[in-house]
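Taken verbatim from TrEMBL:
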DOMAIN    450-563  domain 'STAS'
TRANSMEM  52-79  transmembrane segment
TRANSMEM  86-106  transmembrane segment
TRANSMEM  112-134  transmembrane segment
TRANSMEM  146-164  transmembrane segment
TRANSMEM  191-209  transmembrane segment
TRANSMEM  216-235  transmembrane segment
TRANSMEM  255-276  transmembrane segment
TRANSMEM  337-357  transmembrane segment
TRANSMEM  394-423  transmembrane segment
Amino acid sequence: MNAHDHPRGSKRRMRGSLGIPALEWLQDYQGAWLKGDLVAGMTSAAVVIPKALAYATIAGLPVQVGLYTVLVPAAIYAVLGSSRPLSFSTTTTLAILAGAAIGNSAGGDPAALLTASATLAFLVGAFLVLAGLLRLGFVANFISEPVLVGFKAGIGVVIVLDQLPKLLGIHFEKGGFLHNLLATLRGIPESSLPTLAVGVVMILTLVGLKRYAKRVPAPLVAVALGIAGMALLHLDQFGVSMVGKVPTGLPALTLPDWTLLNQLWPAAIGIALMSFTETIAAGRAFAGPDDPTPPPNRELLASGVANIGGAFLGGMVAGGGTTQTAVNRSAGAHSQLAGLITAALALGTCLLLAPFIGLMPNATLAAVVIVYSVGLIEPAEFNKILEVRRTEFVWALAAMAGVMLLGTLKGILVAIVVSLFALAHQVSDPPLYVLARKRGSNLFRPRTEANADDESFPGLLMLRPEGRIFFGNAERLGLKMKPLILDARPKVAIIDLSRVFDLEYTALKMLMNAEKHLREKHVELWLSGMNPGVQEMVMRSPLRETLGGQRVFANVEEALTHYLSQRH
């Protein structure tokens, strides 16, 4: 990592703390923070642990895998991670992606499924560490926000559909989205009413507590009610299935299966990208005004090591979650100590409460998953995107449809491709404005109907392109300039480059051709407002000799003054 990766004020401390964030925040720890961290750690545990148990079932894994993921990766991140409020375990998105990746590799064997999960977590961690060492932290912004909104909405729909059979107490062989949808609809008449009743009660409990008692840890209440109902009412006698035996004690050492590396690495790359995207987004969203900004490259390393550690101790793919981080911050977390407290409570659950977890109805887990997965579907965000730009709304819908119709793993590829297409679409058509001067001022602005009274000057055309001009858009820009010049028939065309931050050789070639073409039509081309980088490129090209010092100006105002002086 370079110096730019370190949060403000941390460089001095790092020299005395070996660059380990836990040693840094311990050096600065204030006694007044302890109460907030204790409360936040316990509150987060009450929310995160039940959700992790449920999310493990999304991936087709035993519930204890979710518990181990709260224990091991969360503890490692608290030591190595730099985000103070971040809650690190598994999320709905990562769980469904992991399930899609390992489902085909295990062949239905539970032991093989655990091994495949460990192998996947190891690969995800290895890719994250490698990305951190290569300083690829910028990949956090690789998927555009509208595409991410659509991707998560698609994930939410897929997860809800995946959990409905558990809520209804029906069984069928899983397939694609449309297959599962039709099979669920056909199976409704065969639903288990006791199972459905348990599920509905759990959903109403969760929704009611989320809306009317926000400080109450709704997942913990739902899990406790489910366990109590099974123990006291013997719901299993009415056909309500339960989790079953959960091992008591510490997680056993789990070794990755190296023969699965070739099969799992493509999925691991996509899952690593999503894990890091969620982690950095959650860390940034809930950082306090005095918190250090999470350095992306350090976060890659911390997330990677946390996943690798979890892989060897029974955990699944992990990352930072937005909702659980919100709980941690709102409960008063001041430092990563809150994460360590959550991990400690997960350890206590492993040692003391495993037999009780085994009594939990599967319908309770399904209810928890459904309620919190619905939150991934944000109609308000879709509406905001539509109001701002219709094309980005289409990209969001495309990402959502890609997940639903092609599957979650291919959905990542769709999201990346759509993001790249969106980027290409945006940069391939750079803005080009005809400038005019506001009367009574030196303000030059795009000529519009609202600014119809702005000054234009006979024989002069002022153009302002914006953005980076390179091989992907230089020809397009030239084609946009041509009709404007033909229509205006100026004696001088000024191109204001003040809003162009980079000029590539192809763009220089376009300008040279434009200058030659205009010269043949007795039109002079002038350049103005070049920033140092653009000016250096122009001065190293043949344009330097062609334009000379007489046709290059510091700004549009200077160029206009020179033009007007020539006319008199």
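Cβ atoms are placed via backbone N, Cα and C, with glycine included.
Worth saying up front: this structure is predicted, and the values here are computed from it rather than measured.
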Please give the sequence-distant neighbours of the transmembrane segment (191-209): residues at least 6 beyond its ends with Cβ less than 8 Å from one of its Cβ atoms.
166-170, 216, 218-219, 221-222, 225-226, 229, 235, 238-241, 361-364, 366-368, 370-371
Whole-number mean of pLDDT values that fall within the domain 'STAS' (450-563):
93
Using a threshold of three or more Cβ pairs below 8 Å, and leaving out pairs closer than 6 in sequence, do the transmembrane segment (112-134) and the transmembrane segment (337-357) count as in contact?
no
Taking the transmembrane segment (255-276) as the reference, which of 52-79, 86-106, 112-134, 216-235 gives the largest number of Cβ pairs under 8 angstroms?
112-134
The transmembrane segment (394-423) and the transmembrane segment (86-106) contact flag, 3+ Cβ pairs under 8 angstroms:
yes
Could you put numbers on the helix, strand and coil content of the domain 'STAS' (450-563), residue by residue per DSSP?
54 helix, 26 strand, 34 coil
Using a cut-off of under 8 Å between C-beta atoms, tell me which stretch among 52-79, 86-106, 112-134, 216-235 contacts the transmembrane segment (146-164) the most.
86-106
Beyond the flanks of the transmembrane segment (112-134) by at least 6 residues, Cβ under 8 Å:
1, 59-62, 65, 98, 101-102, 105-106, 254-258, 260-261, 264-265, 267-269, 271-272, 275-276, 297-301, 303-312, 314-318
What else in the chain is close to the transmembrane segment (216-235), if you only count residues 6 or more beyond its ends and a Cβ gap under 8 Å?
43, 46-47, 49-51, 53-54, 194, 198, 201-202, 205-206, 209-210, 242, 356-357, 359-361, 363-364, 367-368, 372
